[in-house]
Structure formats: structure tokens, C-alpha cells
Amino acid sequence: MEKQDMMMTSMLTVDQGENEGEKDKGSVEVGGDEEGTQQQDSQPMLADGLADRGPKSLTSSSGQQVSNGFTTSTPQSPREGPGTAACAAGTAPGPGGGTGSLAPLGGLRTLVVQQTSLERPRETWSKKMDFLLSVIGYAVDLGNVWRFPYICYQNGGGAFLLPYLLMAVFGGVPLFYMELALGQFHRSGCISIWKHICPIFKGIGFAICIIALYIAFYYNTIMAWALYYLLSSFRPTLPWTTCSNSWNTANCHRYMSSDHNVTWSNWSTSPAEEFYTRQVLQVHRSPGLHQLGSVSWQLALCLLFIFTIVYFSIWKGVKTSGKVVWVTATFPYLVLLVLLVRGATLPGAWRGVVFYLKPDWEKLLSTTVWIDAAAQIFFSLGPGFGVLLAFASYNPFHNNCYKDALVTSSVNCLTSFLSGFVIFTVLGYMAEMRQQSVDAVAKDAGPSLLFIIYAEAIANMPAATFFAIIFFLMIIMLGLDSTFAGLEGVITAMLDEFPHVLAKRREWFVFGLVCVCYLGALSTLTYGGAFVVKLFEEYATGPAVITVVLLEVIAVSWFYGTQRFCNDIQVMLGFYPGCFWRVCWVAICPCFLLFIIISFLAFPPEVRLFNYHYPPWTTVLGYCIGVSSFICVPAYMFYHLLNAKGTFKQVWNSMNSHSTLPFGGGRAW
């Protein structure tokens, strides 16, 4: 990688008047062509030196504000010589190798901060909205459309909103805020950031990258299904509306109120269900996970097209992906509003809304409701996947990530709530047409809710082709945003960890990563691929990523230290986090995550898909897949201790002497 020498010399001149309490604000002159970038590169170095002084030193009445936003203090007594001030200003090398010194020049006292960096200036977002739309697009995904509405009505309707909001306020949003602040301050991906925080926990970064790959193996397959539906929508008659196709069986019946000659039995299937299971997935050709069958060439081509879009959207970095999200992150909201208005005008829509929101307060006494609320808010906001760290690392150093966290997390929760109305107005319409209860119509969860129930409802609307096209376009774009983000988290982590090897070869690295994801997804494109998708969804990501985030919170709050972390935020944003955030990071968030983990172990999910019950050996396989990513954490700890200098006892004593659990921080770890 071509190396560039950058040097910044900042001089703060303070007029020493007769009254020590009255001082004029100093000024900083920065030389160089890339002034903004040099300021940002120098800022973490100065902040690191100030971190140990605590919040008081950063807000003292004699504090001086330099033009790049940092606040520093000048000594008020002649006995505080240059050496004392130098320690406070960061004589220890910063991230770029800079040093700070404070020396008297006659009647003036001057702070000189100098940094020499051999690294390329870090890429930044072109606009603030690029970052916000990218984060919103990542957080608002397919789960907001199908998972939240289903869980909401299943767990007490409107009563479910109470545990959902509590879990968001005390668990989800603090974790979201923490990751944005960490990424923005340290300007690193999920692997290299640990050299600044707690090196022994570096295995967390590698575990996150493996989990992201597992997600890419199955998540994009759902978009391939949606693309198949989209292409099938460009027909005079939607293929999932009739029973006269080659894939239909004798049990296929079109069951609507207008079909008076149809008798519906327990063995009957709708044309939408047979199109999904027998034409798109073709699961009838696979007996189960032990015999997946051949790869469906139609889905393979659809997935290839999806990954082609992904590659050309992220191959150049956030400069290109930040432009793409202006379409992929905003179009779903336009479609949701159109579908909401259309659904509200359908007969029977009110039945679905009442079923969605009618509170059942007794269900709040069930532990399952609180478990589902915690899991839903965690996976909806998405901390722990390395994405928020990566996106925030491209922000300007003084960007208000606190406000960003509140805005984006609020938008995410409101989108989930809005999606419930979009889904249940249509389900109420279906119940009216079938002359059934909404509960009987809404029995399917997950992708089946979209690809069977909602697809069938759209097919029976006026202008069905138009609504089918925009609906499946929305599904694809919701998935694309999350894929952009997930892979960008991996790319940023690897490029920051191995800059001299990969920095100038980003396009080739991204191409190789996309190829690996495509090859890894081939098993999900087989006739039994839906069974593989379900297995990955239940075991490969959930428990592993929650455990990883638990260790991340412990490492930041207990080992790096909440005080040090809050000082970093104060240097970056200009204010010290309140007591609420500190208590959440130290105690509530770890308990929140531990609650989810214990509940998962105590109540393992009963995994089934259609009529296939997963045998016991698949549970073992699922846990092995989950452990394969998490094993990176203890493996790297062992590697780190093995390569540390001195005997094991000396290393252990050194770590204990620098750690001040649970509220302090010691970087010796």
C-alpha cells in the first residue's frame, strides 16, 4: 500500500493574564491540504491521553476549547510544570504514533500536538444521510415485516408492546448506542478495535465475521425466492392463483367466499401454498436434511443475480453503498404506505387490526412473552454483528452518534409497528373472504406468512399484478440493505486488520468474499434447501451472537472500564453519558443478554418446517455450527496468553494488577 506521510502541528496559545480565572480561548492552525482528515486522525490520540483524567478535567472552568472540538485544561499553578501537563495531554503514543507536549514560551504557555501517520486517510461518508439510511436499512429488515407482527399477536397483541418497549429502552438501545460510540471513537472494524479496548478479547471480532458469513449463506436465499416471485409476477395471470398448473396436485383448491362449489378439508391446499412449496422450493423432492437433492437451477440464477447487485453496490466502499441505500432504504417505506392504504380499504381489514392490537394482559405473566420481546428487539436492532462498528468508523470524529442511535432505533421500532398494520389489514381481508377467523388465517409464521398468505391475498385484490410487483421488490430491497451492511462489517474488519495486504485490493477481496458466500449458499438452493435455511436461522446465529455480544459488553464495561469509555464519549461528543446509560452498560445489558441465553438453553425451540420434524441429530448439528463461530473467543484467549512475554503466573498477575473490575479499566488485558 502506498504510504503517505502526514504531519499535523497544533499550537494553542494562552495569554497568561493577571487573573488566572480569566483566559482567552486559544486557536489552532492546521497546515496541509487535507485539513479535515488530519484533524480526525489526530483526535483519538489526544482523547486517549485525556481519558484517564476523568470527566472533571474536561469540563473545568479553566478549560480551553481548541478549534477541532477538544477541551483541555491548562495548569493553574506554576508548580504544575510542563511534565504534568504533558502526561495529561497524552505523551503516550496515540493511534497514529503522535505525541503531545506542553512547554512554556516566555509569557505564553503552548500545547503542541504532533502526529505522524503512515496510513491512508480513512474513508468517510459523503453525507450524513448516507450513514443514517445505511443504519436504518440494516436495522429494518425482513424480520420487521414478518416476525414482529406474528410475535405481537401471539404474545398478547397490544399488551406485547409494554415488554417490547421496556426491553428496547433498557437493553436494545443502550447496546446500539455503545457500538456506534465505540466504532466512531476508535475508527476500526470489529477485529482491530480490540487492540484499543482489550486485546485478549480479539477473538470476538473473528467470531462476528464467521457469524456474518453464516447469515450470508442463508439470508440471501430468501431474496432469491422473492426474485423468483417477482419474475413470475410479469404474467397476465399470477401463477399462484390457479390449480391448473403442472405442479398442482388433486388437493389444490381455490378457497374464497366466491367459490361456492369448493369443499375445503384438512388435506386441502391453496394454489399459493403449492406454488411456494412445489414450484419455488420443491421441497416435495427432498425427504429431509439427510437427503437434500439437487440444486434448483432457477434459484441458483436468481441468487447469482442478487449477489451481482450486492457486489457492485459495495465493491468501492461506503462511497457507493451510501448512494445505493437512497433507493433500497426508502423504497420499502413507500411500498409499506401504499400497501397500508390499500389494505385499510379492503373489506374485513378492521378484523385484522383488532386481532393485532387487542390486548391480552394475562399473557404478560408468561415468561415466554418477555423472552420473545427481548429476542425480537435484540435481533431487530442488530448489535453484535460488527455492522454498527463498521458504519460508525467512517463517521467524522465529532458526529453526534448519541442522537443517531436514538433516531435510528426509534425508526426501526416504529417500522415494525407499522408493518403489523400492513400485514394484519390484509389478513383480516383474507379472513373475511374465507369466512374464517383471523387466527385460522394467520397460522403461518416466518417466510410462509409472506410467500403464501400475503401472496394469496395480493392475488385476490384488484390490480393484483401491480401490487405483487411492488411487494416483492420491497422484500428484495429490505434484504439487500441488510446484506450490504453484513458484508461491509466483514470487509471493514479484514481491511483494518490486514491493511497492507488488502487495502489496495479491496475490489478483489470483495469479489472473493461474494464468491465464498455464493458457494456457501448452494446447500440452501437444493430441493431441501428450505430445511437448511431453517437450521441456520435457529442455531447458527442466534445463541452464538448473543453470547458474543455479552462478552463484548463485559469487556467494554468491566475491563476497558465504564469511566474510560464515558470519557471517550465526552471527548468525542462534548458531554458525559448520564447515569442511566452507565448503569445499563455495566449491569442491565449483561443481565438482559444473559436472560436471553438462559431462556434459549432452558426452552430450546422445537424446530419444524411444513410437515418435517427435525430429528435429534440435527439439533446436535445446529449446536456444532453455532459453537464453530464462538470457539474463536476462547481459542484466541489461549493464543494471546501463549504468546505473552513472561511466565503464565507473571502474565496473570500483570492482568490482575491492571484490571479494576467491575467499573475501572486496564488495557493490560
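We count from 1, first residue shown onward.
Note: Cβ is positioned from N, Cα and C throughout, glycine not excepted.
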Disulphide bridge to C252 as given by TrEMBL, partner from C209, C243: C243
Long-range environment of the transmembrane segment (508-533) - Cβ separation under 8 angstroms, sequence gap at least 6: 213, 216-218, 220-222, 224, 281-289, 291-296, 299-300, 303-304, 307, 310-311, 314-315, 487, 490-491, 494-495, 502, 609-610, 612, 614
Proximal residue to C252 (disulfide bond) among binding-site residues G137, V140, S380, L478, S482 (C-alpha distance): L478
Interface present between the transmembrane segment (203-231) and the transmembrane segment (324-350) (three or more C-beta pairs under 8 A): no
Under 8 Å by Cβ from S482 (Na(+) binding site), same chain, sequence gap 6 or more: G137, Y138, D141, L142, Y219
C243 (disulfide bond) and L478 (Na(+) binding site), distance between Cα atoms, whole Å: 31
Chain-internal residues, separated by at least six, CB under 8 A from V140 (Na(+) binding site): A329, P332, V411, N412, T415, L478, D481
Cβ contacts of C243 (disulfide bond) (under 8 Å, same chain, 6 or more positions away): C252, H253, R254, P271, E274
Site of maximum Cβ density within 10 Å, from recorded positions C252, L478: L478
